[in-house]
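Chemist: First, the structure itself, so that you have it in front of you.
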Amino acid sequence: MVRAGAVGAHLPASGLDIFGDLKKMNKRQLYYQVLNFAMIVSSALMIWKGLIVLTGSESPIVVVLSGSMEPAFHRGDLLFLTNFREDPIRAGEIVVFKVEGRDIPIVHRVIKVHEKDNGDIKFLTKGDNNEVDDRGLYKEGQNWLEKKDVVGRARGFLPYVGMVTIIMNDYPKFKYALLAVMGAYVLLKRES
């Protein structure tokens, strides 16, 4: 017969007693682990800011949150965006845009482009899987989008990779648990 305490003795301590591991570390080890964690976070932020500069988009990577663009993109697809202002917007192009009063950007296809005599361009969008255009999504009284509304244009995608983000937003406790485990792993990981 195996006692419960005997089973725990064979498991790595970091999986059972995080605070016990922290107490066993000397101050230098703890400082090193915190610094290591800070380096990982700051590196991720620098990469993100670099992508913003390289792509010209305030959000160079987005996740498709609905099925409105099927069959082109499915819920959970990860899109890579660019937003170079000098490129003209064309009908058939897939854009990500923000509408005043809505927090979440929308991924839809440009179906009509209207150019005024003064050079201003306005355009209309629609989800591939939607019956009607997006005028019902725009702010009240707005019939067309302008270039200033565009967050980016879809240049590539990875299918279903963004489902992790959707799951974490749908189940916030899972998100916090995953972040806590990853943070604890980085802090408690020891060099071999």
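Just so you know, glycine gets a Cβ as well, placed from its N, Cα and C.
Pulled from Swiss-Prot, these are the listed features:
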- Ser68: active site, charge relay system (ACT_SITE)
- His108: active site, charge relay system (ACT_SITE)
- Asp134: active site, charge relay system (ACT_SITE)
- 177-188: region 'C-terminal short (CTS) helix' (REGION)
- 1-28: topological domain 'Cytoplasmic' (TOPO_DOM)
- 49-192: topological domain 'Lumenal' (TOPO_DOM)
- 29-48: transmembrane segment (TRANSMEM)
Chemist: Taking the Cβ of His108 (active site, charge relay system) as the centre, how many other Cβ atoms fall within a 10 Å radius?
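Modeler: There are 22 such Cβ atoms around His108 (active site, charge relay system).
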Chemist: Using Cα coordinates, what distance in whole Å links His108 (active site, charge relay system) and Ser68 (active site, charge relay system)?
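Modeler: Counting only the Cα atoms, the answer is 8 Å.
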Chemist: Measuring Cα to Cα, tell me the gap between Asp134 (active site, charge relay system) and Ser68 (active site, charge relay system) in whole angstrom.
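Modeler: Taking the Cα atoms only, Asp134 (active site, charge relay system) lies 11 Å from Ser68 (active site, charge relay system).
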Chemist: Using DSSP, would you call His108 (active site, charge relay system) helix, strand or coil?
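Modeler: DSSP call for His108 (active site, charge relay system): strand.
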